[in-house]
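*Asks:* Next up is a structure, given as structure tokens.
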Amino acid sequence: MRIFNTMTRRKEEFVPLIPGEIKMYVCGPTVYNFFHIGNARTFVVFDTVRRYFEYKGYKVNFVQNFTDIDDKMIKKANDENITVQQLGDRFIDEYYRDADALNIKRATVNPRATLYISKIIEFIQDLIDKGYAYSVDGDVYFNAKKFNNYGKLSGQNIEQLQSGARIDIDERKKNPMDFAVWKSEKKGEPSWESPWGMGRPGWHIECSCMAYNILGETIDIHAGGSDLKFPHHENEIAQSEGRTGKVFAKYWMHSAFVNINNQKMSKSLNNFFTTREILDKYEPDVIRLFMLSGHYRTPINFSIELLDSTKSALDRICNSIINLEELSSKVKNDGILDSEIKYKEHLNSYKQRYIEKMDDDFNTADAISVIFDLIRDINTNIDENSSMEIIKYSLALIRELGSPLGILQKSKRGSIETEVELLIEKRQKARKDKNWALADKIRDDLKDKGIILEDTSDGVRWKRV
């Protein structure tokens, strides 16, 4: 199994620190708003990575934090005249609602930064004692030049970073690239007692501290969106390795952006859709399939048209699953037929192809193609003359390959039938209103999904093909 390691910029054989176990930390949301579908891609991608590791038999200790204190949260809480904690409580609940709907597994631990303040203070004091941090007027800064390998994740040395980065000018800093690990108290902001006066932690120190206290000095995988590579993850490395003198994470993984009109989707650009908005219109399986239809290190473009196309593709899979479910309730051949023994072995070849794709840096795009190939094969070769065993095996295999992707686990029978009946009613109304264009479009859309309508003297009948 090979993983692309951002640190080395190449695919590497995955070897866990402890055989059979994986310690994985993923940077989670700042809980001041609903998360958008750019965030959702990151969460779905690393949920899939976790699921695939578990499919392979690993025990995964999966930690994803909540940033519940930062500048954006303070501003929004003040704007709404509520406390930062109240704001955090609200949007943590909203996160779980949307993440659960997307079939994202709950983390082993979801730590909140504000519950680790005493540990963060200990961490900072240790950095000061080791000469990696210094206090100035109640603020504490990390001395970036003190850490010899600063910039190794982003592939730049500190001189390049200083000349190319937009840096806040602060004459109190020893070096321009130094960053705050503790911020002194300001009016209207939450604050905690510390050896340096009242204040609050910086963003980067929170993740270093939570990873250290929950997972230990060295973890297997640290992951997040590609926008976190610098400065957030770079600073985490400096803090964590500065404190322990040990490698912070063996593998670094980063997921690419979701773009709209070839521009990164983000709250700052105000060009985003919240996950909640999309969940109101599309099933979770559609959204997950869309998110995983490209390789996780490649940006994907978002549009309603692409989601509709993904929905049509998923409908074809669901129709095949429904056909198998219906066949399993009709056939009378219990044992496997002699002619089906080799076919069962043939079906197993799809599983091997799927594993090969996923073992190659979680290539979900190619793994999904294997599932579609499997569906076409089953549609061609399995019918009412097949045995119960081969029908159930085919159905189980489809669901098995869907499981690491977090899709195809629920029966679609009732939901598909309800949707078809509603569209037939809509078409009937269009015909009554002589809106022939809409009536024809509904018929053609259903045909694209594998549903054929038959207008008879007794009304409209439909069947799957």
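Including glycine, each Cβ sits where the backbone N, Cα and C put it.
This is the feature table in Swiss-Prot:
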BINDING   Cys27, Cys207, His232, Glu236  Zn(2+) binding site
BINDING   Lys267  ATP binding site
MOTIF     29-39  motif ''HIGH' region'
MOTIF     264-268  motif ''KMSKS' region'
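I'd like to know what surrounds each of these features in this structure.
*Replies:* Remark: Cys207 (Zn(2+) binding site) has Tyr25, Cys27, Asn65, His232, Glu236 as non-local neighbours, by Cβ distance under 8 Å and separation of at least 6 in sequence.
In sequence order, Asn33, His36 make up the list of same-chain residues 6 or more apart from Lys267 (ATP binding site) whose Cβ falls under 8 Å from its Cβ.
Sequence-distant neighbours of the motif ''HIGH' region' (29-39) (same chain, 6+ residues past either end, Cβ-Cβ under 8 Å): 66-68, 70, 72-73, 76-77, 87-88, 90-92, 94-95, 98, 225, 257-258, 264-267, 272-276, 278, 287, 291, 302.
Below 8 angstroms of C-beta separation, residues 33, 36-38, 227, 257-258, 299, 302 of the same chain, each at least six residues beyond the ends of the motif ''KMSKS' region' (264-268), sit close to that stretch.
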*Asks:* Taking the centroid of the Cβ atoms of Cys27, Cys207, His232, Glu236 (Zn(2+) site), which other same-chain residues have Cβ within 8 Å of it?
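*Replies:* Neighbours within 8 Å of the Cβ centroid, excluding Cys27, Cys207, His232, Glu236: Trp203, His204, Glu206, Ser208, His222, Gly224, Leu228, His233, Asn235.
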*Asks:* Could you give the mean pLDDT over the motif ''HIGH' region' (29-39), rounded to a whole number?
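*Replies:* Reported value for the motif ''HIGH' region' (29-39) is a mean pLDDT of 96.
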*Asks:* How would DSSP class Cys207 (Zn(2+) binding site) in three states?
*Replies:* helix
*Asks:* Counting by DSSP secondary structure, give me helix, strand and coil numbers for the motif ''HIGH' region' (29-39).
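*Replies:* Across the motif ''HIGH' region' (29-39), the residues distribute as 3 helix, 2 strand, 6 coil.
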